[in-house]
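J.: Relevant sequence annotations retrieved from Swiss-Prot are reproduced here:
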- HIS48: active site, proton acceptor (ACT_SITE)
- GLU75: active site, proton acceptor (ACT_SITE)
- HIS199: active site, proton donor (ACT_SITE)
- ASN12, ARG23, GLY200, GLY221, TYR222: 3-amino-2-oxopropyl phosphate binding site (BINDING)
- ASP14, HIS15, ARG50, HIS55, THR105: 1-deoxy-D-xylulose 5-phosphate binding site (BINDING)
- GLU156: site 'Transition state stabilizer' (SITE)
Amino acid sequence: MSSSQSLRLGVNVDHVATIRNARGGDRPDVVRIALAAIAAGADGITAHLREDRRHIRDSDMARLKAEIEKPLNFEMAATAEMQGIALATQPHAVCLVPERREELTTEGGLDAAGQYNALAPFIAKLNDAGIRVSLFIAADPRQIEAAAKLRAPVIEIHTGGWCDAVVEGDSGKADAEWRRIVEGAALARSVGLEVHAGHGLDYATAETIAALPEITELNIGYFMMGEALLVGIAETVRTMRAAMDRGRATLKTRTA
């Protein structure tokens, strides 16, 4: 596990595939964008193979695994089909997420506590295969404690509620959501979990959350793909990396 001083950037390439699939064919190339992001400083690539294949395809996952040299984080629902694909692909990590066909994006965290009995053998099989398992959950003590009992080594805190409140200018809700994240990250580390965060992050919120010492990785996609349309993927990655570094630098100042 990385030290608390380091912070990795995982770039989610799902919406490269969304643009590609709007017209069909193979352009823009998901793997080409992933390689460009890595060349610009991304520490890993995240891709979500949904059950309905609305953006990432099975062939994208296979190519990403074969062609990128940085860690591949395979987001997926906890289904037998996806488990089989993950075991065949052997990504660095799997992040288990809830999934509903009618949603536009992942709307909430996984109910690790409520689905404990189903998730326990599912996670154990991935662990036994040498795949790191992450659970995408809300910063809820009940869910965090369930993740630890399930022997998932990593959680990814769902930051969507906080990010949405920040963008909407709802300071009361933003403050409440932020407190949940801060307290959740501290609890997760105290029970031995590695803590990642993602969903809805932009330059400003990434800089803010980078100052939390418990967080070791941010996974960011939609915002970065939108920025890349304006300035290119390399410049977007460099700007995001700089924002994260500024946030992390405040941690070093506090602990100096």
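Every residue, even glycine, has its Cβ placed from backbone N, Cα and C.
Values in this document were obtained by computation on a predicted structure and should not be read as measured data.
Would you situate these features in the structure and describe their surroundings?
T.: In the three-state DSSP assignment, the secondary structure recorded for HIS48 (active site, proton acceptor) is strand.
DSSP assigns GLU75 (active site, proton acceptor) to a strand.
The Cβ of HIS199 (active site, proton donor) has 25 other Cβ atoms within 10 Å, all protein chains considered.
Shown in sequence order, ILE45, THR46, ALA47, HIS48, GLU75, GLY198, ASN219, ILE220, GLY221, TYR222, MET224 are the residues of the chain, 6+ apart in sequence, with a C-beta less than 8 angstroms from the C-beta of ASN12 (3-amino-2-oxopropyl phosphate binding site).
DSSP gives GLU156 (site 'Transition state stabilizer') a strand state.
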J.: Between the recorded positions HIS15, ARG23, HIS48, ARG50, whose Cβ has more other Cβ atoms within 10 Å than any of the rest?
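T.: Neighbour-count leader: HIS48.
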J.: If I restrict to non-local contacts, at least six residues apart, and a C-beta distance under 8 angstroms, what lies near GLY200 (3-amino-2-oxopropyl phosphate binding site) in its own chain?
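T.: In sequence order, the residues whose Cβ lies under 8 Å from that of GLY200 (3-amino-2-oxopropyl phosphate binding site) (at least 6 apart) are THR159, GLY160, TRP162, CYS163, ASP164, VAL167, TYR222, PHE223.
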J.: Please state how far apart, in Å and to a whole number, the two most distant Cα atoms are among ASN12, ARG23, GLY200, GLY221, TYR222, the recorded 3-amino-2-oxopropyl phosphate-binding residues.
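T.: About 26 Å separates the two most distant Cα atoms.
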J.: Of the recorded positions ARG23, GLU156, HIS199, which one sits closest to ASP14 (1-deoxy-D-xylulose 5-phosphate binding site) when you measure Cα to Cα?
T.: HIS199
